[in-house]
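Colleague: Dropping the structure in here first, questions after.
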Amino acid sequence: MASPIVDCTPYRDELLALASELPEVPRADLHGFLDEAKTLAARLPEGLAAALDTFNAVGSEDGYLLLRGLPVDDSELPETPTSTPAPLDRKRLVMEAMRALAGRRLGLHTGYQELRSGTVYHDVYPSPGAHYLSSETSETLLEFHTEMAYHILQPNYVMLACSRADHENRAETLVGSVRKALPLLDEKTRARLFDRKVPCCVDVAFRGGVDDPGAIANVKPLYGDANDPFLGYDRELLAPEDPADKEAVAHLSQALDDVTVGVKLVPGDVLIIDNFRTTHARTPFSPRWDGKDRWLHRVYIRTDRNGELSGGERAGDTISFSPRR
């Protein structure tokens, strides 16, 4: 089985040269910035381009691709943010450029209207008192979830670029792949979960200001090709009611636990998670609130799979919420 890690250290100079051709202030005209990134992505180093294209075409058993050894800002990196969204005039960071170039090789960077003020580029950093379902938690486990599994236009990929790791390098991004978990499920469980609509709650941002609207969406835990299915899973939000559904989801949950792998992100990493075939989580870490805490850059990528695109969309668009029914 091919390694999910791509060593990008040989490409650093080429990638820095490509990054320098991008507009200096991404958020001043994000559509234009990402259009230019698409053009430049055609000139990515051959080995990197091939790895991205293969992952986009067929995925992998692991369910993720880790680009390691990319160039970083190092001494020029500003302090870890403490608020969101980022200032519109913030200059391009190297890891933002890497995320743009790799992401445009895959598909369309997308914002979600109800999430992070509809912004496309997200800074991910610890925040005191963050909701336990939020990516801004730090000292509690961020539980396994397929990102926005309840959204009719859920992203195909979640990209996490690392500018700064946590101080003790404790935080792990955990990934559970359905391709690894499926062989652990018996035929009865597979049949129960396949194309079965299970009630699902939604994240706080999508609740329309209501504290607890209940399970307003329906998610199929397994769907697509029965022999190579897609995954819809959220440990906190999936809310099966039928006893047989509860049992089947519990078996799936255990299987995903059994195949989980951990990835410790370090500066210069871009982790690309196949959000149609995996669930992911993050282990706790301890922030110091010293301006040097863990700092990731997140973006969601849509492709033409599963009816995500109808035509005419652009990278940098923001879309509104429609729950799966």
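Placement of Cβ uses the backbone N, Cα and C atoms for every residue, glycine included.
Quick caveat, the model's predicted, so the values are computed rather than measured.
So Swiss-Prot has the following annotated:
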BINDING   H145, E147, H280  Fe cation binding site
BINDING   R294  2-oxoglutarate binding site
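Describe the structural context of these features.
Modeller: Within the same chain, residues at least 6 positions away in sequence whose Cβ sits under 8 Å from that of E147 (Fe cation binding site) are Q154, P155, V158, I273, N275, H280, Y300.
Residue environment of R294 (2-oxoglutarate binding site) contains 22 other Cβ atoms, counted within 10 Å of its Cβ in all protein chains.
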Colleague: If I restrict to non-local contacts, at least six residues apart, and a C-beta distance under 8 angstroms, what lies near H145 (Fe cation binding site) in its own chain?
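Modeller: Set apart from H145 (Fe cation binding site) by at least 6 residues yet with Cβ under 8 Å, we have Y233, D234, R235, E236, L237, T279, H280, A281.
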Colleague: What count of other C-beta atoms do you get within 10 angstroms of the C-beta of H280 (Fe cation binding site), across all chains shown?
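Modeller: Other Cβ atoms found within 10 Å: 25.
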Colleague: Hey, for the Fe cation site built from H145, E147, H280, who else sits with CB inside 8 A of the CB center?
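Modeller: Everything else in range on the chain: F144, T146, A149, V158, D234, I273, N275, T278, T279, A281.
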